[in-house]
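Taken verbatim from TrEMBL:
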type	residues	note
TRANSMEM	A:21-37	transmembrane segment
TRANSMEM	A:110-130	transmembrane segment
TRANSMEM	A:151-184	transmembrane segment
TRANSMEM	A:204-226	transmembrane segment
TRANSMEM	A:238-259	transmembrane segment
TRANSMEM	A:292-312	transmembrane segment
Amino acid sequence: MKWLSLLTNEWIKIFSRTRTWIFLAIPIVIIIGIAVYDKVTTDVEVNENWKQELTQTVKDDQKALDDAKKNGDNAIYIDSLESAIKQNKYAIANDISPYETTAWQFMKDMAFISSLIGLFVIVVASDIVSNEFAKGTIKMLLIRPYSRWKILLSKFVATLGFAFVMWLVVIVATWLVGGLAYGFGGMDQSYLITADDGQVKERLIVEYVFANIGVEFIELTTLVAMSFMISTLFMSNSVAIGVAMFTLFAGNIIVTLLANKDWVIYTLFANMDLSVLIDGQNQLVKDLTLPFSISVLAVYTAIMLAITFTVFQKRDVKA
Amino acid sequence: MIGGIGERMTTHTLELKNLTKKIKGKTIVDDLSFSVREGEIFGLLGPNGAGKTTTIRMIVGLISITDGDVLINGDNLRGNFEKAMERVGAIVENPQLYDYMTGYKNLMQYARIMPDVTKERIDEVIELVDLKYAIHDKVKTYSLGMRQRLGVAQALLHRPNVLILDEPTNGLDPQGIYDLRNYLRLLANNGTSVIVSSHMLAEMQMMCDRVAIIQHGKLVRIDEILNQEDETEVKVHFQIEGDVAQAKQVLLNLNEDLNVTESGQELIVQTADVRFIAELNKQLVLAGVLVVGIQRKTKTLEERFLEMTKKGGDLNEVAVPVNK
Ligand SMILES: Nc1ncnc2c1ncn2[C@@H]1O[C@H](COP(=O)(O)OP(=O)(O)OP(=O)(O)O)[C@@H](O)[C@H]1O
Ligand SMILES: [Mg+2]
């Protein structure tokens, strides 16, 4: 019958909650706050004399590197110092200021906001099924002439829609705030990366920003599917929120602990942070590539959705 | 409705065939079969835990059916859920609504997904359950009775021809109960089958055409309820302090044909007329008899119910105030 009306209903339910608007407002407030803070505190002198500044940094890093080598410190630490030194030298030689902020540079810097969005999406996704069980409203919904899978699908699509809309709103807001604060130019601006072979390379910031926007959609889809599954299995939003947040935030720690195991690349944790794979910087597990990780996430998402729909279809509703 | 002229046989809108529910090896609904006719109010009566709600949950597809079938308007719930549920309206236990939305927006949720619910229909239903004054308030501010009214409203929105109400009077005030009962009768007269569950005898007796008595998940029997005019079974108990025989004489002096019996400190008179009861009371008091209590007991169903379910105690006693 009118499946789209089911979707409309879910959409209305999401946006009838004050919480939803707060979730939308928080990232925007943070972004504006950071831009304002940065504008107020940034020392224009330093920006103009960035080459001297950077030369000093290189010297300091070199000293730290020597010490670290003498003390036989952690290899990762030594690597990171070496690559920082190389990058800074390259920057000085090729006249690429790391301090020049534009709308795009700002968007790249603000990419961490996506974790916050992940968090809010987990809350909404966990709630949209389990809250209706907790409040008993689910039974008013399931006695309608719609198969259960249609009702669950409407909830899934609505949450996904919410996640995407939220992400897009934040992207546009970041671009606007960044543009107003630092100017809208900088499409051709580069940043530096250290490739696998140790060479320093230039990459376009815009490329990173758009790749990041894209992979975040994929991550959000997996997060929604996971929250959905847990909240359907346990009918509890707190369990769902807990497990999903654990996967999102504690995932890195677990991956670090298991980094030397071959099978770690097949775990969900290891593949949840796609943005590090865009330019291969700060990558925890070296063997991962973007296409591989996306495939793994797709498989996990499909399995989680299959479990969710099967369980939901058969569940006795005693709410 | 385009009904075949001449073939005026009873149509059954809801049929339960050997319906069984087992949860963890425990049989909660046991081989339950009955059919509800078009245009009748059908009661499910049973003590707490009899399995009424469980039966209703199966009928509306909230829980799986262990065995047996449910046919709604001829469609088997197990095979064709969407078709079967199209003309069903229901409240299962307490109606739970979205607290964070207004009553109106709650109704809109259901209006949107049911066929042919116009804006006029929504207003009409709101009027009907007498909730116009609060319909634009958030549901979290509603009282229990107001929620119940909103629950009834959502169940009626799409003009179901099978209306299932689990304990619908729960939380309603006397006016609300009275209105509901009248409205259900009106719906039934227009061809809707109404299924109500309750453990309150008086309510069932006043509301229903037929009542299925259920105990331990089993159907004990189905009773036809006598018409309201035919209330010869209603008895009034006068509790007397002092000489009961003398009091009986007072009443007999008033009307020789009066059906009066003595029972301990009580005089039992068979009548349903409230004015007449008041008159009898007045005469007793005038004659100096001390009347300490008057109770109207609607018998038949109660007696049967208690007999069937083998429980003691008068479950249904309506006390009438005494004017001393
Ligand atoms: N999930 C369950 N697991 C085990 N037993 C259950 C479950 N749900 C219900 N029961 C049992 O089934 C029986 C019938 O419960 P049900 O809610 O259908 O009774 P009811 O007739 O509606 O009672 P009431 O008048 O109190 O509403 C009860 O004994 C109850 O303990
Ligand atoms: Mg019940």
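Cβ coordinates are placed from backbone N, Cα and C, and glycine is handled just like the others.
Note that TrEMBL annotation is computational and uncurated.
Comparison of A:21-37, A:110-130, A:151-184, A:204-226, A:292-312 by number of C-beta pairs under 8 angstroms to the transmembrane segment (A:238-259) places A:110-130 first. Here the transmembrane segment (A:292-312) has long-range neighbours at 129, 148-149, 152-153, 156, 215, 218-219, 221-222, 225-226, 228-229, 232-233, 265-266, 268, 270-272, 274, 277, meaning same-chain residues at least 6 beyond its ends whose C-beta is under 8 angstroms from one of its own.
Long-range Cβ contacts of the transmembrane segment (A:110-130) within its own chain (Cβ-Cβ under 8 Å, at least 6 residues beyond either end) map to 10, 13-14, 19-20, 23, 26-27, 30-31, 34, 152, 155, 158-159, 162-163, 166-167, 170, 174, 178, 209, 212, 216, 219-220, 223-224, 227-228, 230-232, 234-237, 240-241, 244-245, 248-249, 275, 312.
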